[in-house]
Amino acid sequence: MSKVLFIKASPLPNEVSRSSQVAATFIDEYKAKNPSDTVEELVLYNTEVPLLDLELMTAGRELQAGKAFTDLAPDVQKRLNAYNALTEQFLAADKYVFVFPLWNLGIPPLLKAYVDTFVIAGKSFRYTEHGPEALLKGKKAILIHGSGGIYSAGPTSSFTHGEPYLRTILQFIGIDVVPSIFVEGIDHNPSKEAEIVAAAKAVAHESAAEF
C-alpha cells in the first residue's frame, strides 16, 4: 500500500483551473486502479506555509547550538511547528502528485516556499565528500502543469522555469519524476479549450493507470 501526497498549488477553484480539472481526473483514475492506497490532499493556498526567512533561519541555528525549543518565542515555535509538520508529511509519502500553474515563467511563490520545507540537508539530501547525495530514492512524482502559452516544446521551451525547475529539484533529492502532463496553449487558442482539456485528461487517465 502506497501513500500519495496530492499537492495543489493554485488559488483558483477547480471549476476555473483547467490543470486542477485534469488533476482531478488523474486522482480519480488512480484511486480506481489502486483502492488500497491512500491519497492525502494538501491545498497550499489553504495551508500555513511558513516562509524561510531570517527568523526561522536564526531559530534553526540557535537550536543547533543547543538552545531548547521551549526557549524560543511562542510565535517562532508555532511557525517552526508548521514548517516541520510539512517536512514530515512530505517525507512520509511514497508518491507525489503536483498540480501548479506557470506564473511569469516560474512557479507560484507559495509553491517555492513549500519546496523549501522539504529540500533540507540531512532530511532529503546530504552533503558528502563526493558532493550532494539524494535521500529520497525509490519515491515517485508526477507534475501536472498549466500554462496559457505553449512551453513544453518549441521556440519558447527555453523560457520557462516552471516544470523544469520542479522536476530538477525533485530529482535532486532522489525522486523519480515520470513524464509530466501539460495543460497548455488555451490562451493562444481559446476556441480549442475543450479540446485541449480533453486531450490532457486522456493523458492523465493513461498516466494514472501506470503511476
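For all residues, glycine too, the Cβ spot is worked out from N, Cα and C.
Small disclaimer: the values here were computed from a predicted structure and weren't measured.
Residues or ranges marked as FMN binding site in Swiss-Prot (evidence: sequence analysis): Ser10, Ser17, Arg18, Ser19. A 10 Å cutoff on Cβ-Cβ distances gives Ser17 (FMN binding site) a total of 20 other Cβ atoms nearby, all chains included.
Each residue in Leu12, Asn14, Val16, Ser20, Gln21, Val22, Ala23, Val99, Pro101, Gly146, Val183 lies on the same chain as Ser10, Ser17, Arg18, Ser19 and has a C-beta within 8 Å of the C-beta centroid of that FMN site, without being one of the site residues. Between the binding-site residues Ser10, Ser19, the minimum number of other C-beta atoms within 10 Å of a residue's C-beta occurs at Ser10. Non-local contacts of Arg18 (FMN binding site) by the CB criterion (under 8 A, 6+ apart in sequence, same chain) comprise Gly146, Val183, Ile186, Glu193, Ile196, Val197, Ala200.
DSSP assigns Ser17 (FMN binding site) to coil in the three-state reduction, placing it in neither a helix nor a strand.
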